[in-house]
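Note sheet for the following structure.
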C-alpha cells in the first residue's frame with residue numbers, strides 16, 4: 001500500500017525545492033477520479049504560469065512493497081527467463097512498479113511539477129551479470145531539456161548473461177549521476193540515515209558523515225565509533241537494501257558529488273532537497289552525508 005501522506009509530503013517538498021516562487025502552480029493531474037465522470041482542468045489557471053522557473057531534478061524511486069515481493073517469490077533477480085515462473089514474475093514485477101510510478105507521477109503533477117515517467121526496460125537499459133551494460137539516456141536528456149522532470153524507477157530488465165534481473169533504483173541513480181553530474185544527490189528513506197546496526201535496536205548510532213576514498217573504500221568520520229558496523233537487508237529485498245545504497249552513494253561521492261541519506265517527509269529531508277546542506281551540515285540535522293575525502 002502507498003503511504004499517501006508521505007507521498008504527498010515528499011511531492012510538496014520537491015516542489016519547494018524545484019520552484020523558486022512561493023505560489024503553487026496549477027496541478028497537472030487531469031485524471032478521472034473514481035466515481036466521477038468529470039475531468040478537473042481549468043485552462044485559465046495556466047495563464048500566468050507559462051514561465052515558471054523550475055530547478056532541474058531527476059526523480060528515481062525503488063519498488064518498495066510493490067515490486068520486491070513479486071521479484072523475490074519468482075526469483076527474477078536470479079535470471080533463467082526460460083522458466084515459466086520467472087517469466088510470470090518478470091511481468092508481475094513490471095506491472096507493480098509501473099503502477100507505483102504512475103501514482104508518484106500523479107502526486108508530483110498535483111503539485112504542479114511537469115513530471116514524465118521513463119521506464120528503464122522500455123528505454124534500452126540492459127545489464128550483464130546484474131551490472132549495467134548499456135543505457136539509453138537520450139530520453140532523460142531530452143525530457144530535461146524540454147522542461148520536464150523525468151521519473152525513473154527500479155525495474156525488471158533483460159540481462160545478457162542471466163536472461164533477466166532486477167535493476168535497483170540505487171544503481172540507476174549512480175549511473176545517472178555519472179552521466180549528468182548533479183550538484184548533489186538525495187536518498188529518501190524510511191529511517192533518518194545510515195546506522196551502525198539495525199536502527200530498531202536501542203543502541204543504534206546514526207552515522208552523520210561518511211568519507212569515501214579514491215579507491216571506493218569508505219570510513220565513518222562522525223561520530224567516532226568503537227565497534228564494527230552491521231548492515232542488514234530485508235528478506236524480500238532483491239536489490240541489497242542499505243548495503244547497495246551505501247555502495248552506490250560511495251560511487252557517486254567519488255565523482256565529487258555529495259550524497260545525503262535522510263528520512264523522507266521530514267524537515268531534514270527538505271533541507272537536503274533544497275540544497276541548504278551544501279555549505280555546511282548543521283549539528284541539528286538528522287541524516288547521513290556521504291562525500292569524497294579529497
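Cβ coordinates come from backbone N, Cα and C, glycine included.
Unlike curated records, TrEMBL annotations are generated automatically.
For 63, 68, 169, the entry in TrEMBL reads substrate binding site.
Positions annotated as ATP binding site by TrEMBL: 64, 190, 241, 245. A C-beta separation below 8 Å, combined with a sequence spacing of at least six in one chain, links residue 190 (ATP binding site) to 263, 264.
Note on the domain 'Aspartate/glutamate/uridylate kinase' (56-262): its mean pLDDT in the predicted model is 89. Residues annotated as domain 'Aspartate/glutamate/uridylate kinase' in TrEMBL: 56-262.
All chains included, 20 other C-beta atoms sit within 10 angstroms of the C-beta of residue 64 (ATP binding site).
Residue 169 (substrate binding site) has a Cβ environment of 24 other Cβ atoms inside 10 Å. Shown in sequence order, 170, 187, 189, 194, 261 are the residues of the chain, 6+ apart in sequence, with a C-beta less than 8 angstroms from the C-beta of residue 245 (ATP binding site). If you draw a 10 Å sphere around the CB of residue 63 (substrate binding site), it holds 25 other CB atoms from the protein chains shown.
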